[in-house]
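So the structure is just underneath, and the comments pick up after that.
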Amino acid sequence: MERAAPSRRVPPPLLLLGGLALLAAGVDADVLLEACCADGNRMATHQKDCSLPYASESKECRMVQEQCCHSQLEELHCATGISLANEQDHCATSHGDNTSLEATFVKRCCHCCLLGRAAQAQGQSCEYSLMVGYQCGQVFRACCVKSQESTDLDVRGIQEMDKIVEVEEEQEDPYLNDRCRGGGPCKQQCRDTGDEVVCSCFVGYQLLSDGVSCEDINECITGSHSCRLGESCINTVGSFRCQRDSSCGTGYELTEDNSCKDIDECETGIHNCLPDFICQNTLGSFRCRPKLQCKSGFIQDALGNCIDINECSSSPCSQECANVYGSYQCYCRRGYQLSDVDGVTCEDIDECALPTGGHICSYRCINVPGSFQCSCPASGYKLAPNGRNCRDIDECVTGTHNCSINETCFNIQGGFRCLSFECPENYRRSADTLRQEKTDTVRCIKSCRPNDVTCVFDPVHTISHTVVSLPTFREFNRPEEIIFLRAITPPHPASQANIIFDITEGNLRDSFDIIKRYMDGMTVGVVRQVRPIIGPFHAVLKLEMNYVVGGVVSHRNVVNVHIFVSEYWF
C-alpha cells in the first residue's frame, strides 16, 4: 500500500532509522534523534571517519549517530565518484587504493554516472530500467540528464555562451534534490515522483494513517497465512510461522521447517550404553551392542568396523616406516640395518667388520655412523679420488725428496731411494744415460785402454743398474713376472750362439728365478718372484745374459737389479 507523505523535509539519513520504530513516538524523541543524526553527519563531514567513539549515553542515540555518519560519508564518497566520471571519464583514483570502503563507494557512483553518460551518448532513455539499485539509478539519471542538457546547449552556438553558463550554474543535480535521499520521511520504502513523496512498506507490513510509518500485519488474524490442518499459526515480525499441534514423539525433535527430525542420541551423548558397548543410532531411538574385538593392528570405527591402524603416524621406527595392512614395517637408510632384538631400531653397519671389509679400503677402514672412511699410511701415499684406494706419491716427480746433486732419486712404493751408480774401471756410461734427466736405469759400456789385452778378452761388455719397486703380494698363489731382459745382439755375434740367463748373486732363500722365452722373434729372459716376500724388503739381484758358442762364453751382459718390496700390498 502506498500513500503520499506530508511535504515536511526530513534529513535523508532517517531512512536508516526504520528499525527504531519501536522508540517512543513523540516530538521530543524525534528532535533528540535528529540532533543525534546531525552529530553523525558532522563527524562524517569533518572527520571523514565513523569509527570514532560516540559520546551519547543513550544507546539509541549512538545507533543513530553511527548510521547517519555512514550515510553522510557514503554520500560524500558518491559525490567524489560523480566528479571523477564528469572530469576524467574513468574511475581510477590517484592513490590507487581499490579495496577500502571509500574506494568502493567512489567507484560505484563513478560507474553509475558513466553508465548514464553512455546512455545519453547512445541516444537511450535516461529513465533507467536496469536493476542496479535505487542510489545507482538516481546517479545514472542525474548524469544522463546533465549530459543531455550539456549537448543541447553546445548545439545552440557560441553566441549564447553567456546564457549557457548561467543555465548550468542554476541547474542542480537531480540526485542532490531527491527528497527520498537517505530514506526521506518514510520509515521503510520511499519514492519521489516529482510532485510528491510516496511511502510504502515491506512485505508483511502495512502503512499507518500518518502515511510514513509501517506496522506488522498479523497474518494469523487476517487469515493470509498458509498453515495446514494440524498446524497452528504463530505471528512473527513481518511474517508468520506454522507449528505442529502435536509433538513429534520420543526420539524426534521439531525443526524450523515444522518437520520431525530423528535425534542422534549417540552423537549428542545422551545414550546410556556401557563402556564395553557401542551406541548405534536408529530412527527414533538407539541401541547398544557389544564392541568387536579387533585383531592387533586394527581399531574399531564409529560404525563398529575394524579398520587398519596407521602405526607409522606415531613414528615407532627409528628411521623409515611403511604402513601395511594390519601392521607396519621398519626400514633403515643406507649404512644401517634393522636390529634383530626389537625390529624397530636401526643400527649402524660396521662395514669394516664385514667379511669383505678388508677389501673395502686399500689400507685402513674407519667405521662412522651410516658409512665408513678409508685412510692411507702417514707418508708416501695419498687417497685416490674414489676415496678407497691409496695412491703412491712420486717424490722424485713432486720434488719432495732430499737426494743430493750426485745422487739419483728412484721412486718406490711408499717412498724413494737416493742411489749413486758409478761405472767400474774400463767402463763408461752410455750416451743415453749421460743426460741430466733422472732415469731408472744406468748403463755402462766397456771401454778398454789401448793394448789392454785383459780388458779386451773380458767377455763382459755391459753392466747396467736398474730399480724395481714391488708390493707385498697378499695373495701369492703363482709366480709373479717382474723383470724382462731382451737379448742384445753383440757387434760380431758368433754363429749359432746360445743365450743363457742366470741369477748369480742376491737370490736369498731362492725367492726368484729366471726363465728363457721367445717373444716377437727375440730371446727374452723373464725374472719371476716364486716365493712370497713380506716387506719391507731390499735385495740386489745380479743377472747375467751369456752368449755361449762351443761351450765358451763369447759375450756377457750384466744387470744389477735393486728390488724394493713395500710392506703394503698396494
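Cβ from N, Cα, C; glycine included.
TrEMBL: automatically predicted annotations, no manual curation.
Copied over from TrEMBL, here are the features:
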- 1-29: signal peptide (SIGNAL)
- 36-69: domain 'Anaphylatoxin-like' (DOMAIN)
- 77-110: domain 'Anaphylatoxin-like' (DOMAIN)
- 112-144: domain 'Anaphylatoxin-like' (DOMAIN)
- 308-347: domain 'EGF-like' (DOMAIN)
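In the predicted model, the domain 'Anaphylatoxin-like' (77-110) shows an average pLDDT of 77. Counting residues per DSSP class in helix, strand and coil order gives 21 helix, 0 strand, 12 coil for the domain 'Anaphylatoxin-like' (112-144). Residues 295-299, 369-371 of the same chain sit 6 or more residues outside the domain 'EGF-like' (308-347) yet have a Cβ under 8 Å from a Cβ within it. According to DSSP, the secondary structure content of the domain 'Anaphylatoxin-like' (77-110) in residues is 22 helix, 0 strand, 12 coil. Residue counts of the domain 'EGF-like' (308-347) by helix, strand and coil are 4 helix, 16 strand, 20 coil (DSSP-based). Break the domain 'Anaphylatoxin-like' (36-69) down by DSSP state and the numbers are 23 helix, 0 strand, 11 coil.
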